[in-house]
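Worksheet: the structure to be examined is printed underneath.
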Amino acid sequence: MGAAHSASEEVRELEGKTGFSSDQIEQLHRRFKQLSGDQPTIRKENFNNVPDLELNPIRSKIVRAFFDNRNLRKGSSGLADEINFEDFLTIMSYFRPIDTTLGEEQVELSRKEKLKFLFHMYDSDSDGRITLEEYRNVVEELLSGNPHIEKESARSIADGAMMEAASVCVGQMEPDQVYEGITFEDFLKIWQGIDIETKMHIRFLNMETIALCH
């Protein structure tokens, strides 16, 4: 009786922290146990057995995001060696559809949280800025599966996108002015008016039994 009460209290606490329902938490817990091999924590190598990740060109960045202390709200840099179920839920909550019944301020806060998660995937050195080199790395990874696009072409695409970002965020630049990279404030400007919902989903975890959209 006491154990059952304690478990339900824990679920309610997780509901409050992540926004998932008790049914969703139960289903995600089954998936967590499947990934971890029934262990209390997950390590990076546990993601090697996720079929939907195998062919994803930015697989390494997706997996890394699960262990990024910034996303886990445990610090401003560094990676965790392993994550527990609550950590797993924290990361999964970034992919949860925004509840549009919330107030405007809360909806905007949820959107910013999602964009911060994406920003961290680009900002690999945790310095608060996406440099040209970091952006090139992402574009090269994204296009690595396309045999018709050479590395130099991928770099040109990244360079062009960075120039466009500079024009959006800084405006007209002087000939000798150097754009040092995209800050999170810049990132918000770039994503203004873009539907973040269509860019972030959880199919890569192959959760065929889970319906996160109601």
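Placement of Cβ uses the backbone N, Cα and C atoms for every residue, glycine included.
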Handout entry: Matching range for Swiss-Prot feature annotation, region 'Disordered', among 1-20, 101-120, 121-140
Key = 1-20
Exercise for the section: Using DSSP, break the domain 'EF-hand' (110-145) down into helix, strand and coil residues and give each count. Expected result: 24 helix, 2 strand, 10 coil
Problem - binding-site residues compared (ASP123, GLU134) - highest count of Cβ atoms within 10 Å - result: ASP123
